[in-house]
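Note sheet for the following structure.
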Amino acid sequence: MKFLRRFVTFWALFALTAIAVISLDSHRSLSTDPSQVQSAQINGSPQKLALLPDYSRDIDCFATANHYQIEAKLRLEQGNAVIQGLQNVRYTNHSPNPLQEVVFRLYPNIPSLQKTAQLQVTATRLAGKPLTSTLSSNNTVLTVQLPTPLPPSQSVELDLEFVTQIRQNQRGASFGRMGYIDDVITAGSWYPALSVYEAQRGWWVTSIPAPITDATGNVESDSDPTYTETSLFEVKLTVPRSLAVISNGVQVNRQTNTDGTVTYHSITGPMREQVWVASSRYEKTQAEVDGVKLNIWYYRDRANANSRSTRNALELTQKSLVAFNQQFGAYPYRELQVVQNPVSTGLEFPGLVLINSNAWNKTAIQRLVVHEVAHQWFYGLVGNNQVEHPWLDEGLATYAERVYQLFYADAKTAEKLNRYAQQSIKEFDQAIATGNLPDLRLNLPVADFKEFYGLFAYKRGSDFYIQLEQQLGQAAVYQALRQYVQQHRYEIATIRDPKAALEQASGKKLDEVYAKWIGSYQKDDKPATARVCQSAPS
């Protein structure tokens, strides 16, 4: 459609502007120096290693947060990747009610990953004693019954044994968050993840929809399935010696074992997920921005592997971090990983993003890197229910692409970008008026968008903020987003939260514009979680 072509021209136009190339550090093979990491330990708390010094005290805010300790071993069996794990998880009841059960989400079992992966919990225990658990929602919800109710403000530590299988050469949906393709094992959402307990609805047990497919089974509309609270993670993953592991957070040790395996020990600061990638194919190039170490992982076995494209990926990551640190507030973690990967397009995790391996050498890498890095603020730092309110993070990450463009554009290019943006919104409105597109509000779950999910959650979500620039002024919108990130850092936001920030920054009520663009939002599904660390470091 014409308006889609105009949307694409934003990046084509911006690509014409000349921006100086930022110099690169020397290239290094995959390695970890435990002595360097250990020497950086702050006040005896290992988790603080994963945060920048100015944010290291954020760990103190998480004394009662969810805490995962996972030991797992990866085996390659008959072409499949099999992960056998033991997980100790501490959960604190932040609700005002005693809880009879604790609920986990088993994301590898969702419909979009059925061909690719499977997660089975084989045992649940409390203090060594077996617990009763039940599966529901197509084996994606595990409910663990507690022997006695968990009082408010009290914690419980549960042990879960599990096995996750990832089938080789099976491409699933969910943007490829799990897969074993091209000798690369991708393990996102690979462990039993605590569900979210909401103040009004209780445990989140909503079914995750299957992707929209065409008559031949090809995926037409894909989406993210996760909804998780910020937690602390410590993972010891043992893999065959031929493989190397890339994970979010920081790797604090790598131990070579006598049985031909290597154990990688990683920790995170406050993050929503733990993710890793394993392969023998990777090499990295590094740089640093505002104290953050950027690691760009590329396939070393491809022709011209360390090419202009890899340098471009590093430059884009550097510039994204510079722009978003200034416009949205600081990225608080010590490292950010950008990984060439067989994912379908791009995919965000806290502290780690995956970029499609074929796009690595094409101009599409520009939008992918900028968009996925923007998710470090919108989904990573400020979370949301990606199944029921997907526009909250996707709309802002898409709008952040424009923020990036304008940050580096000269006056003439900025004028063109603004003109194209307004024309694109006008043409989208015309498509709705003529019936070529449905008249949908943004506050819809993934399933209700159907095949129009991408157009609305991403583009229309971005258009919402662009038209607010016209109504409130760009400075007010930017100020509101900085405030939104600062006030809800590490939390889960609902649709009321950006509205409150926008109204405070502009001094204007936005009920009418919200009714027109967002729709109704009678129920505020705030998680029953203690608020933490809203203030920026002094």
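Glycine too: its Cβ is placed from the backbone N, Cα and C atoms.
Whatever TrEMBL says is automated annotation, not expert-curated.
Record features, source TrEMBL:
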ACT_SITE  E372  active site, proton acceptor
ACT_SITE  Y458  active site, proton donor
BINDING   H371, H375, E394  Zn(2+) binding site
DOMAIN    313-517  domain 'Peptidase M1 membrane alanine aminopeptidase'
SIGNAL    1-20  signal peptide
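Positions of TrEMBL features highlighted on the structure.
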residue	record	Cβ within 10 Å
H371	Zn(2+) binding site	21
E372	active site, proton acceptor	24
H375	Zn(2+) binding site	22
E394	Zn(2+) binding site	28
Y458	active site, proton donor	20
So among H371, E372, H375, E394, all listed as recorded positions, which is physically nearest to the residue listed as 'active site, proton donor'? Use the C-alpha atoms.
E394
With the Zn(2+) site defined by H371, H375, E394, which remaining residues of that chain have Cβ atoms positioned within 8 Å of the Cβ centroid?
G346, E348, E372, A374, F378, Y379, D393, L396, A397, T398, A400, Y458
